[in-house]
Amino acid sequence: MTRPLPPPPATGFSAPAKKSLGQHFLADRHYIDRIVQAVDPKPGQRLVEIGPGQGAITLPLLRRHGELTVIEFDRDLIAPLTDAAAPIGPLTIIHRDVLSVDFTELAAGTPIRLVGNLPYNISSPILFHALDHAGAIADMHFMLQKEVVDRMAAAPGSKVYGRLSVMLQAWCEVTSLFVVPPGAFRPPPKVDSAVARLVPRPAADVGIDDRKRFADVVRAAFGQRRKTLRNALNGVCDARHFEAAGVRAEARAEQLEVADFIRLANVVVD
Ligand code: SAM
């Protein structure tokens, strides 16, 4: 059930932060509210939070939505989270490494909405893991390092447009929502953070024939981003492929649209 945002309550409980698990706990009510508002859960939707930590986002989301599933790796947080959630509503805790969670199985036919202030040390693996299950995910609202969000949402021609931009934008619509300063966290990270929304495209709209081949072409193209595609993709694509895909072999990877990469990868046959 969806309810209005509650007044500012305690953001959970307190536990020492573990650097190895990328623990930077969100402590600023303003940004917590903005994340909950951005997610804006509707009745009947299935919300899954990655890394609930001390419950900063979890408890307000649970108050608002009435139920929630969370995936947390740190065993020291499981009992306090359970206790903090008990008076509010049903919280399902999956005590696992998120990279070992099969989102498709978890969704069981009803696409899930993922939320998370991600552990920055494994944010890229989490993004690629989510892409592997894009069909089971309705959308994602993730806090990441701002520099990573800039790369995720970058357009061709930008200095930070690269492999991450192309891989994510091929499967998802990516929007950078707002920046969060280090002072909003305990302990504060060294860099700015930002919240991004990712909405997976319907499978039929993606148009990638072979995921691995697409990933290989994008990796090779940006592996030597200062070279022309003819040189960077030497051994992967030849003149016929460039011509069939309508892509200039003298261009550099950073000049190509995502759709160009998709056409190019689709005409390359092993
Ligand atoms: N959501 C909380 C907040 O905003 O204050 C905590 C965010 S903290 C940046 C990242 C959280 O992810 C921590 O709770 C950490 O224990 C958890 N985490 C780290 N690695 C994980 C993994 N492999 N699987 C699941 N959770 C993980």
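Just so you know, glycine gets a Cβ as well, placed from its N, Cα and C.
Heads up, TrEMBL stuff is auto-annotated, nobody curated it.
Together with HIS24, LEU26, GLY51, GLU72, ASN117, the S-adenosyl-L-methionine site in TrEMBL holds one more listed residue from ASP97, ASP139, ASP150, ASP205, which is ASP97. With HIS24, LEU26, GLY51, GLU72, ASP97, ASN117 listed as the residues that bind S-adenosyl-L-methionine, the site has a largest C-alpha separation of 20 Å.
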